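Novice: Let me give you the structure first, and then I'll get to my questions.
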Amino acid sequence: MTDPLVIFDLLLALAIVALAAASLSVRDLFSMIVLFIIFGLLSALAWVRLSAPDVALAEAAIGTGVTGALLLKTLHHLRFASGTLGQKAAYGVTPVAPVPMAVIMTNAVFCGLITLGLVVAFLGAPAAGPGFDPLVAEAMPQSGVEHPVTGVLLNFRSYDTLMEVVVLLAAVVAVWQIERGLSEAPAPAMGEVWQGFARLALPAIVVVGTYLLWVGAEAPGGAFQGGAVLAAVGLLLLLTRAYVPQPAHRGIARGAFVLGTAAFALVALLVASGGRVAFEYPLDHAKTLILLIEGMVTISIAVTLAALFHGREPVALAKGDRNDT
Amino acid sequence: MQDVVAAVLITTGTVFFIAGTVGLLRFPDIFCRLHALTKADGLGLALIALGVAFLAATPGAVFRIVLIWFFVAAASATCGHLVARYARRSGAGVRHD
């Protein structure tokens, strides 16, 4: 115990495991989500302690912020569907039917298999090896950026990153296929103080998101973190009703969904047409190309996450319907 | 000298946070708890931010700490308001004694 931070790390690890156990075992759905959000924030802190600020930013912005908002929105709909919305002490109600034992067991088996696979992978990995750090450090001058994580994500393993962008695209396509039209659940009225706060926070979030994107070339940050922060702008706009999705805006939204994937794939193809391997950016233009891809991907991620939060395709309204999507 | 000032400020701020947490755990209903949390933590946050600002190396870092303080304070005040508003409207958090 030479380093007092060891005590802090132990407490942090204990708190994370305890929060995970608590969020799984608590009966009330709202408490469950709140515990999950705190779990995510402490995980982000743990990533900081592990000297991985990029992962910490992603965990805080996507894993905690956007996912927490999505879960709370889902709960709002569940409560509406089960008729417990607006009831007194509604937060004590768990509005889902009991899950069949067979489903629980199947899930448990799959989770167990995944855990087992992780254990095997962890035990099979060389302990305290040099890892890929020297390789990355050696190749950094060819990447076009100064920050190793961005170099790896957008250059050395850009195919994986492209697939991650495609996953988001697939998610929003699926959601728009399933849910259309108007939300039945009334949007919660948040009041004037909240509106004022949103007005104050909105410009700051835009600046922070853009800064995260820009700084990704030389410091922790990048498209996913910046995109998630910018998605918060969409969330604020939707929650304050400053922006109500219109059927006429679907074309712009669809364009924004595919923008990142398209730009990414197009750059790869154009590079490949010049007699190189796909994703092998010419060194002189590497930084420009990476920033271009990251910028487009950020727009896609922000719009996609905001659309996922809205959760349904805005289709044309029949006359007489209330417009309360 | 700066280190000592920073240490005193951060320690004082931590005391306020602990007081706020004790209030959260010990006070009888949701409004009292919010009262303890938002006031004590708001002061604690300001003191800790001030202490950390004394340790910051560059004016840019100080500026960022000020920004963080401002937005966290505004967000926590808004959150406190929203929780209290929801509790009052739904009648969920009223003390029964």
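Note that Cβ sites are derived from N, Cα and C of the backbone, with glycine treated the same way.
A quick note: this is a predicted structure, and the numbers were derived from the prediction, not measured.
Below, the features straight out of TrEMBL:
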- A:6-26: transmembrane segment (TRANSMEM)
- A:15-78: domain 'MrpA C-terminal/MbhD' (DOMAIN)
- A:33-50: transmembrane segment (TRANSMEM)
- A:56-75: transmembrane segment (TRANSMEM)
- A:96-125: transmembrane segment (TRANSMEM)
- A:156-176: transmembrane segment (TRANSMEM)
- A:197-217: transmembrane segment (TRANSMEM)
- A:197-292: domain 'Na+/H+ antiporter MnhB subunit-related protein' (DOMAIN)
- A:223-244: transmembrane segment (TRANSMEM)
- A:256-277: transmembrane segment (TRANSMEM)
- A:289-309: transmembrane segment (TRANSMEM)
Novice: Which residues, given as numbers and ranges, are at least 6 beyond the ends of the transmembrane segment (A:223-244) yet have a Cβ under 8 Å from it?
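Specialist: Beyond its ends, the transmembrane segment (A:223-244) has Cβ neighbours at 54, 57-58, 61-62, 65-66, 69, 154, 164, 187, 190, 194-195, 198, 201-202, 205-206, 208-214, 216, 260, 293-295, 297-307, 309-310, 323, 325.
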Novice: Can we call the transmembrane segment (A:256-277) and the transmembrane segment (A:289-309) in contact, meaning three or more C-beta pairs below 8 angstroms at a sequence separation of 6+?
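Specialist: Between the transmembrane segment (A:256-277) and the transmembrane segment (A:289-309), contact is present.
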Novice: Near the transmembrane segment (A:197-217), which residues from the same chain, at least 6 beyond its ends, have a CB less than 8 A from one of its CBs?
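Specialist: Contacts with the transmembrane segment (A:197-217): 57, 145-147, 150, 223, 225-227, 229-230, 232-233, 236-237, 239-240, 242, 287, 290-291, 294-295, 298, 302.
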Novice: Using a cut-off of under 8 Å between C-beta atoms, tell me which stretch among A:6-26, A:33-50, A:56-75, A:96-125 contacts the transmembrane segment (A:289-309) the most.
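Specialist: It is A:56-75, which has the most Cβ pairs under 8 Å.
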Novice: Using DSSP, what is the helix/strand/coil residue split across the domain 'Na+/H+ antiporter MnhB subunit-related protein' (A:197-292)?
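Specialist: Taking the domain 'Na+/H+ antiporter MnhB subunit-related protein' (A:197-292) as a whole: 73 helix, 0 strand, 23 coil.
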Novice: Hey, which bits of the same chain come close to the transmembrane segment (A:6-26), Cβ under 8 Å, at least six residues off its ends?
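Specialist: 32, 35-36, 38-39, 42-43, 45-46, 49.
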Novice: Determine which residues of the chain contact the transmembrane segment (A:56-75) at the Cβ level, with the cut-off under 8 Å and only residues 6 or more beyond its ends counted.
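Specialist: Tertiary neighbours of the transmembrane segment (A:56-75) are 29-30, 33, 36-37, 40-41, 43-45, 47-48, 212, 220-221, 224-225, 228-229, 231-232, 235, 305, 308-309, 311.
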Novice: For the domain 'Na+/H+ antiporter MnhB subunit-related protein' (A:197-292), what is the mean per-residue pLDDT, to the nearest integer?
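Specialist: Mean pLDDT, the domain 'Na+/H+ antiporter MnhB subunit-related protein' (A:197-292): 85.
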